[in-house]
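Asker: If you scroll down you'll find the structure; I have some questions about it.
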Amino acid sequence: MGIIRSLLELKNKDRIVRILTNKTQKVGKTSLIMSLVSEEFPDEVPLRAEEITIPADVTPERVPTHIVDYSEAEQSEEQLYQEISKANVICIVYSVNSKKSIEKVTSHWIPLINDRTDKDSRVPLILVGNKSDLVEHSSMETILPIMNQFQDIETCVECSAKNLKNISELFYYAQKAVLHPTGPLYCPEEKELKLSCIKALTRIFKITDLDNDGILNDNELNFFQRTCFNTPLAPQALEDVKNVVRRNMADGVKDNGLTLKGFLFLHTLFIQRGRHETTWTVLRRFGYDDDLELTQEYLFPIIKIPPDCTTELNHNAYLFLQSVFDKHDKDRDCALSPEEVKDLFKVFPYMPWGPDVNNTVCTNDKGWITYQGYLSQWTLTTYLDVQRSLEYLGYLGYSIVYEQESQAAAITVTRSKRIDLQKKQTQRSVFRCNVFGAAGSGKSGFLQAFLGRNLQVSDKTHKSYYAISTTYVYGQEKYLLVRSEELACDVVCLVYDVNDPRSFEYCAKVYKQYFIDSKTPCVVIAAKSDLHEVRQHYSLSPHDFCRKHKLHPPQSFTCNTTTVPTKDLYTRLTTMAMYPHMAQADLKNSTFWLRASLGATVCAVLGFAMYRALLKQR
């Protein structure tokens with residue numbers, strides 16, 4: 001028996017295969033090793049060969065290989081067990097001219113190996129029939145039932161150490177069993193792909209299906225071919241592939257394109273013909289490991305975020321996300337229905353957006369997430385949890401579709417806010433507004449009004465602590481993230497209920513405790529301004545308090561309207577977040593506010609009109 005142990009790390013170039021052979025009497029195992037190394041049959045064969053290292057450039061899979069011989073005469077069974085536990089693939093050597101050695105494969109070696117390996121992570125086995133030069137017949141007729149009985153057996157190779165027949169092939173198959181194992185992909189008893197393999201290949205199909213029509217056309221097939229194998233297919237080669245599928249299944253080709261069934265059939269065919277490496281090349285290109293799980297390196301590429309910096313999606317990332325939205329917005333209504341959202345996230349192992357998302361971003365009158373709301377949610381995730389955003393982009397295949405090294409290429413790390421304050425300008429596109437107020441003061445209404453909802457259309461069922469949408473400041477589209485009750489932010493809203501005499505006291509205490517000496521701009525919001533205003537039970541009125549602390553006068557606000565609430569106040573907040581140094585000076589100028597609000601209205605209309613025009617072009 002021989003054991004091949006791989007210390008394989010697919011993300012690295014340092015790949016090692018370790019081979020152990022044990023002393024099984026008179027099967028010629030040591031002769032095989034020495035014939036491989038010297039390329040000639042040895043005149044004298046020792047009980048055990050010394051450890052041998054074969055460099056990568058002379059092995060078929062370009063992997064450095066270490067061969068360690070085991071001898072029952074010189075070593076203990078415990079040493080054998082230790083090597084078995086470390087093995088990635090095991091070669092069991094028998095003599096083709098010895099019925100007894102063949103019987104020992106099933107009576108001794110396979111039970112011994114199974115007893116020493118975990119049932120859920122059995123190592124692949126290779127049966128090696130040596131001394132084929134001594135017989136004129138093949139042992140395959142005897143071996144095939146054994147292969148059918150034990151699914152861990154990858155293949156069988158007949159060879160001869162004496163005339164060097166299939167010696168290098170033996171070690172090639174051994175390496176191949178480590179690098180391209182059959183077990184995770186295919187069930188030989190059922191003669192079909194395993195469910196985990198189908199799931200992975202289905203995700204790959206959906207990513208490659210760029211227009212989401214359920215068919216890989218010639219352009220998409222060539223994109224797939226270039227992505228995985230760095231070369232396109234000639235037109236005739238494409239037709240040949242489709243013809244193979246046509247001959248074997250009725251619904252594998254549709255409208256001259258490859259369906260999911262046809263795609264899965266091709267990979268089944270590759271595996272059945274011993275071309276496992278083709279399917280593994282595809283799986284690994286799309287981020288999968290040997291257990292058909294997306295690797296941590298693929299999902300979470302390293303990205304360094306210095307203190308006081310934030311994370312945003314860059315232009316290419318937004319273009320990619322727009323294309324993902326477009327391919328799933330089947331009815332072209334600029335919103336995603338629940339079915340369309342479900343279809344979009346089929347490439348995810350779980351549903352990443354819960355019902356609270358509909359109260360976090362803009363929706364249409366049916367409660368469906370709009371195009372702007374969709375981009376806003378992605379912006380929010382990237383700002384709050386960039387690792388989660390990288391993970392999501394990984395599921396969608398961003399780095400593959402955009403031919404980037406990793407999803408990290410989609411992220412912009414902004415410069416320190418301290419530098420922005422020093423230079424009195426910023427390149428950031430996302431700003432955070434935190435809202436403070438006593439219970440019942442109208443904070444939730446303030447968040448929902450930012451999404452265009454008045455009291456009549458607000459959904460109280462699935463509460464969200466965030467609201468995010470776009471505003472326009474001097475013609476520039478910016479995102480404002482509004483959040484309840486947190487300290488770190490770019491601008492602060494202190495919300496009180498004009499009809500509750502005890503409401504303002506809470507705002508005053510929060511300001512004096514946390515923000516009186518802060519450079520963070522603060523705005524006092526007089527909420528529920530449609531109600532009768534009562535005197536606040538505080539030593540200073542809200543207006544006097546603002547005047548004393550050099551704040552803007554309280555801003556009236558209500559969401560109890562019959563129309564969509566105005567965004568003017570949110571534009572002001574975004575402007576203050578962008579230009580905190582102006583918050584106590586130029587921002588008091590009414591002409592300044594008028595220019596900012598007018599720019600917001602014009603840009604919002606133009607932005608939506610441009611997207612509708614792009615949809616019509618598509």
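Using N, Cα and C of the backbone, Cβ positions are placed for all residues, glycine too.
Per TrEMBL, the features are:
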- 14-180: domain 'Miro' (DOMAIN)
- 316-351: domain 'EF-hand' (DOMAIN)
- 428-579: domain 'Miro' (DOMAIN)
- 592-614: transmembrane segment (TRANSMEM)
Asker: Taking residues 6+ outside the domain 'EF-hand' (316-351), which of them lie with a CB under 8 Å of any CB in it?
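Answerer: Non-local partners: 202-203, 206-207, 210-212, 363-364, 366, 368-371, 374-375, 378, 392-393, 395-398, 401-402, 409-411, 608, 611-612, 615, 618.
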Asker: List the helix, strand and coil residue totals of the domain 'EF-hand' (316-351) as derived from DSSP.
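Answerer: Residue counts for the domain 'EF-hand' (316-351) by secondary structure: 23 helix, 2 strand, 11 coil.
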Asker: Find the average pLDDT over the domain 'EF-hand' (316-351) in the predicted model and report it.
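Answerer: Summing pLDDT over the domain 'EF-hand' (316-351) and dividing by its length gives 97.
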